């Protein structure tokens, strides 16, 4: 999985950074979000989907990698926030 931020669309709310500070950061001085990783570790996939679903301006694009299907964008449909939170909590628990 890869993740991208449309920096022209980013509203600088920082929600993605609050959700996953190791994956997203806000650049100085304008606060636009940037991605910190080239490839998202499997353990953080659900949390990245959650961050994308919570972006108030839908500036985060998740690119799923599937060996049989190449890469496909999956900004829609996003999981419900409750479903994504359950998966993110499970992933975070598995990291510890």
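Every residue number used here counts from 1 along the chain in the order it is shown.
Here the Cβ of each residue, glycine as well, is placed from N, Cα and C on the backbone.
Range with Swiss-Prot annotation region 'Disordered', chosen from 37-66, 67-96, is 67-96. The secondary structure of residue 16 ([3Fe-4S] cluster binding site), as reduced to three states from DSSP, is helical. Residue 10 ([3Fe-4S] cluster binding site): 22 other CB atoms within 10 A of its CB, across all protein chains. Counting other Cβ atoms within 10 Å of each Cβ, the lowest count among the binding-site residues 16, 55 belongs to 55.
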